[in-house]
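Q: I have a structure here, written as structure tokens, and I will follow up with some questions on it.
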Amino acid sequence: MLAFVGGLGTVRLHSRRLSTVAAMDPTKPPHKSALDDMTTKGAFARKASVFRSWVSKGGEFEPEGGRYHLYVGYACPWAHRTIITRQLKGLTDAIGITFVDYFMGDMGWEFKPEPEPNYGLNKIRELYFKAREDYDGRFTIPVLWDKKTETIVNNESSEIIIMLNNEFNDFAKNPERDFLPESKRDAILEVAQSFYEPVNNGVYKCGFARTQEAYEQAFVPLFEKLDDLEEVLGKTRYLTGSEMTLADIRLFTTLVRFDAVYLTHFKCNKKRIIDYPNLFGFVCDMYQTPGVKDTVNMEHIKKHYFMSHVSINPFAIVPLGPDVNFEVEHDRATRF
């Protein structure tokens, strides 16, 4: 920790924030975070992912065991989707995985305490430059990497999880688990899209808003949609019926972070998820699904948000609470 004295008294800065500044390469573009995706009216407007190729039989990127590698982080809800899908499909032997550190400083996501295993890189940005030397976009996770051609296949989480579900069944331990059955594909993708903007992205729009107007324009539809989802999940175990789908995974990774982070850090404080009986029961049901609990690292989640967003939480104080127990009994398996 280092300190300086200013108008606010003695301010202590976390050493992780300072260590990244000295390592910046002036020949490469600076790190761009989500906080850079702002409109002139102070509203957060997430940029689209850049790498959008597809793993498929007969395509440029053929499905193969051991060929692909996921770069992810426990802290990130978008990356969390891919961690869960890989785990539940039984692809842990077929697709490698490397986790970034929870802290995201001026140089973006970093591999700590050890470099990543394929090339000895220390930062996600280095992986992007390896794939495309003139890349000047955001250095996001998840990344689906092809070790054969040494490039990024895809960095859009909603597409990566479809590939993990559909394209690697020959190498999966649980190929029979289908989280996007063809008979319900349109319905699953439609419901997932319906809550993407108000909920998945909405919490960020609240937290990163730089005007009261932008904040309120995100806050109201967020809780309107949560109310709608509470009603839906009062009638059915999962969003589209009795079986878990990719839509449920996409909702879960936001809701499991809500009370610990978004409620306070992003000012999404009208209600807690625990105040919604059906939403909280859904989160507990998902969490207690074998394999899912192991993908939730609340320490990484809390430390990432409260320590990385310097403009929101400049003193990097990480709250000790809340104590949310996702292992309480629920009746969703027998109720529906």
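In case you wondered, yes, glycine gets a Cβ from its N, Cα and C as well.
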Q: R138, F139, T140, I141, E156, S157 bind glutathione in TrEMBL, but which of W54, W109 does that record place at the same site?
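A: Only hit among W54, W109 in TrEMBL's glutathione site, alongside R138, F139, T140, I141, E156, S157: W109.
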Q: Would you mind pulling the DSSP three-state label for W109 (glutathione binding site)?
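A: DSSP assigns W109 (glutathione binding site) to strand.
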Q: Let's check the environment of T140 (glutathione binding site): how many other CB atoms sit within 10 Å of its CB?
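A: A count of 25.
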Q: Could you give the Cα-Cα distance between F139 (glutathione binding site) and Y305 (site 'Lowers pKa of active site Cys'), in whole Å?
A: 17
Q: Between the recorded positions W109, F139, Y204, Y262, Y305, whose Cβ has more other Cβ atoms within 10 Å than any of the rest?
A: W109
Q: When you rank C76, Y204, Y262, Y305 by Cα distance to S157 (glutathione binding site), which of the recorded positions ends up on top as the closest?
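A: Closest candidate to S157 (glutathione binding site), judged by Cα separation, is C76.
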Q: Could you tally the C-beta atoms, other than its own, that fall within 10 angstroms of the C-beta of R138 (glutathione binding site)?
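A: I get 19 for this one.
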